[in-house]
Amino acid sequence: MLGFLKEPVVVTAKINVNLVALTMMGLISRLWGLCYPRAVVFDEVYYGQFVSLYMKRIFFVDDSGPPFGHMLLALGGYLGGFDGNFLWNRIGAEYSMNVPVWSLRLLPALAGALCVPLAYQILVELHLSHCAALGAALLILLENSLITQSRFMLLESILIFFILLAVLSYLKFYNLQKHSAFAGSWWFWLLLTGVACSCAVGVKYMGLFTYMLLLATAGLHFWHMIGDQNLSNVSLLCHFLARGLALIIIPMGLYLSFFYVHLALLYRSGPHDQIMTSAFQASLEGGLARITQGQPLEVAYGSQITLRNVLGKPMQCWLHSHTNTYPIRYENGRGSSHQQQVTCYPFKDVNNWWIVKDPGMQQLVVSNPPRPVRHGHIVQLVHGITTRYLNTHDVAAPLSPHSQEVSCYIDYNISMPAQNLWRVEIVNRESDTDVWKTILSEVRFVHVNTSAVLKLSGASLPEWGYRQLEVVGEKLSKGYHQSMVWNVEEHRYGKSQEQKEREVELHSPTQMDISKNLSFMAKFTELQWKILTLKNEDTEHKYSSSALDWITMDTNIAYWLHPTSGAQIHLLGNVATWASANAAALVYLCLSLWYLLRRRREIYDIPEDAWQLWMSAGGICGGGWAVNYLPFFLMEKTLFLYHYLPAVTFQILLIPVVLQHLSDHLCRSVLLKSMFSALIVAWFSSVFFVYCTFSPVTYGQPALSLTELKALRWKDTWNILMRKQ
């Protein structure tokens, strides 16, 4: 029985020494001195704020992209025991002792380090030689810009890691297609492709470019499969469904899960939730939830309400009135009704309260049982403090003369009768009998006499209107623009008929005992829409640049400057590598056009397998550069050099593709091959020289003298910081 013990248990392993060595070098280059400088570096001031909010579970919205990358940075802080207590207020601020700098920077650094072996494996899977793959990995290893970007709490290295992982996974899956379809390894690499694509998009929307490239590549490969007569219709259907599941369904589900975790972690109210709808705010702990918790759901005649404009631009605001009246005449000589002003006020105030009144009755309290207001009902809106009626008439609005003035009616006995009837239209109703609901219903108020719609114009009134926002009656209303839509935010059933008692009631907070929650999909849809549409005002940045500046690296970014010495860190690429990448792209384009023209004439300069390799490798590397670079010419946003890093990574991978092709097919004599090899060695030595030359401003140490800093300014457009000594 124990005979198997007579022989030793032997485990054999196949180790790629190149891969191990490259991984170790990548880790050393990215992790060495990771805590230096112990100060806020460039956009760490931006991402650090979000990490702190994660630690404190406070909700935020970042219009730069999805939350997965932020969550990874926050994971580093969590693993390091960060409590979120640090004021990220300026670049260069020294980190306090409670900030785990190494832990916060670890994940971006690991991602940057792993890009080195990924580059090696991608070229191997593209069927290039191990020598070419090794060259590609070393170029990524010695790329100063990638080192700088990966050593700080920034997202580009994580984005590039997932992009390269997606490309590698797809290539491995494709190479297994012929002999291992539907095997375990085939499924693993196909599924990993979808997961990596989803992660890339989840870090930054720039990941969508590579995702689209891989989808297009998968579509092209499947198109070729359709022409394979050896595959049955059932087999083709299985292949199609497998790709649809792995490359579309699973990435979509994973993308949703990023938001689910994000919203589950950030359950507390904070300063950012003010841009969200009232319903979203009420779902967060604290803030509006404390005010609106348990309010009556159905708006009834006699309800006391505040009305928030759904648009939220230029800022959130509530329908408001006060005792001041419109000027008799404006500065341009145009007259007004001189009635009580109605505005949209961006702060909570007792003058934001209105009472929903039945035009056929005088009472301003809710009856028992309450009579709910439904879609299509006619109401009057009575200002709670002044008891004047919301009114509009054929008088030009103060700043929008094409629209009607909105006022609270004052009887001056000057033959201007009240026009204060409004029809309630629930925009998001499910039926024409829907009840007007607190927070949930989005409502238009249509003036009965003139058919004008109550609308926020967004213009800021002059001093006589206290710079509050103008509200108008829009005569021509086509569709439901958000500026015309309002929702009830705070609500209670009025109990006091007497004015003085009612004023006391309006000043008191609403406290009930029921809560309302949004579904995850409703919150996801709203948050996703805010991320896509919310744009900060574009301001010119000192280090912003255009996409054309990136090709020739005519720009740089100063990330950090030591307060006393000349030590500094810059985002600068390896000049030799970037110039070579541009040359490789140009050579690839010209050679491809030449081959295509010759092949059109049925002249085949290279074997068919070499042509397929040339096109497939170029399609991935050159296509990766194009899809990650060209879209920036269409973007209206502030651009920085780091936006080019995913594109230049693919362009660097194209260099060995071109060099190997030139060596194998254009250098046909032994002498030419020897000379070409010598040139490659000399060129690579120049790459290493440039890396060493700029490493002091890549790592921030050692500190350089004024003379040494001047020597590094190879281009007049580079902003190398010179401190007077």
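Glycine residues also receive a Cβ, built from the backbone N, Cα and C atoms like all the rest.
Summarising the annotation, TrEMBL assigns transmembrane segment to 68-88, 100-120, 154-174, 186-203, 208-226, 246-267, 575-597, 613-634, 641-662, 674-694. What TrEMBL lists as domain 'MIR' is 296-359, 370-427, 431-491.
Highest Cβ pair count under 8 Å relative to the transmembrane segment (575-597), across stretches 100-120, 154-174, 674-694: 674-694. Mean model confidence for the domain 'MIR' (431-491) is a pLDDT of 88. Non-local neighbours of the transmembrane segment (186-203) in the same chain are 65-69, 72, 155, 158-159, 162-163, 165-166, 169-170, 172-173, 176-177, 180, 210-211, 214, 242-243, 246-248, 250-252, 254-255, 258; each lies 6+ residues outside the stretch with a CB under 8 Å from one of its CB atoms.
In summary, the transmembrane segment (208-226) does not lie against the transmembrane segment (100-120): fewer than three C-beta pairs, each 6 or more positions apart in sequence, are under 8 Å.
Among the recorded stretches 68-88, 100-120, 154-174, 246-267, 613-634, the one sharing the largest number of Cβ pairs closer than 8 Å with the transmembrane segment (641-662) is 613-634. Touching of the transmembrane segment (68-88) and the transmembrane segment (613-634) is ruled out by the presence of fewer than three CB pairs under 8 A, sequence neighbours closer than 6 excluded. Assigned with DSSP, the residues of the domain 'MIR' (370-427) fall into helix, strand and coil as follows: 0 helix, 26 strand, 32 coil. Cβ atoms under 8 Å from those of the transmembrane segment (100-120) belong to residues 18-19, 22-23, 25-27, 29-31, 34-35, 38, 48, 51, 72-73, 75-77, 79-82, 133-134, 136-137, 139-141, 146-147, 149-155, 157-158, 160-162, 164-165, 168, 649, 652-653 of the same chain, restricted to positions at least 6 beyond its ends.
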